[in-house]
Amino acid sequence: MRLRHVVSSLDLTRDDYFRIFELADKFSNVKKLNYLSGKVVSLAFFEPSTRTAQSFHTAAIKLGADVIGFASEESTSIAKGENLADTIRMLNNYSNCIVMRHKFDGAALFASEISDIPIINAGDGKHEHPTQALIDLYTIYKVFGEIDGRTFGLLGDLKYARTVNSLLRALTRFKPKKVFLISPSQLKVRREILDGLNYPVIETENPYDVIQDIDVLYVTRIQKERFVDEVEYEKVKESYVVDLKLVNMMKKDGIILHPLPRVTEIDRKVDKTTNAKYFYQASLAVPVRMALFYEVLGERKDD
């Protein structure tokens, strides 16, 4: 069955995840296909993006779709006072799918409630980034051959990082052994996220206490743009640095992921270790997003 909107990681079932992984495998080495020939994808980026916007653009083109859109709110009629609802309605007239990034929590859900075409959430405020979670899980699946039974450690800004929210919610579709949440007390995962999880979670501030148990260390930068108070940001901006000392305490086959961009939270010396998989992770963005586009827009025998 074709997917409709993808606003949250919870919009995907376990079967959806594995079906997308299988498609991503098939799309990994293709140059150009015509599966979406005649379709138009709108990239509605009300908030700046490099990797996400470019990988979605590339994914659409490689499937044969045409791409329209904008890269900032300033280049749209919203700068003239148009409301978001009207912008979404106008994009419905021009395209078959809208990939949307916005600075406000819940913007993608709002858009999905008024849109007649699929909305794919490319990040909304500090809320969610479900396609990044798809890439994260696909990376883990490619490295280990499975996701169930693994121990995760999420480190850094767990309060404002939307990638963290999406990954935690996506893991409810799997069976992680446990998840360590490693952050300063000011940047702990929000209660409404924790309350929806169905697996063991342990909160700590010290990565050295748990690093030996972790299969997947997921590192996030401190989200400066989400802080209202600059003083609070300055207090926590360099809370953690993943360096060789920490990495050398990991399991030999443990991996380090990061949604990027990286600032100072991973020492560049770590890049050369076998544990560092964040650039490999980034390389999987295009086939995963191709697979998602195909699930949302591709022709189906059962349509």
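Glycine is treated like the rest: Cβ placed from N, Cα and C.
The model shown is predicted, which means the values in this text are computed figures rather than measured ones.
Annotation comment: Swiss-Prot describes R51, T52, R101, H129, Q132, L260, P261 as carbamoyl phosphate binding site, evidence class sequence analysis. For K80, R162, R221, the entry in Swiss-Prot reads L-aspartate binding site.
Positions of Swiss-Prot features highlighted on the structure.
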residue	record	contacts (Cβ under 8 Å, 6+ apart)
R51	carbamoyl phosphate binding site	L260, P261, A282, A285
T52	carbamoyl phosphate binding site	R101, A122, G123, T131, Q132, A285
H129	carbamoyl phosphate binding site	N121, A122, G123, R162, T163, N165, S166, P259
R221	L-aspartate binding site	G156, D157, A161, H258, P261, R262, V263, E265
Residues sitting within 8 A of the centre of the R51, T52, R101, H129, Q132, L260, P261 CB atoms (carbamoyl phosphate site), not counting those, run S49, T50, A122, G123, T163, P259
Can you tell which of R101, Q132, R162, L260, P261 has the least company, meaning the fewest other C-beta atoms within 10 angstroms of its C-beta, among these binding-site residues?
P261
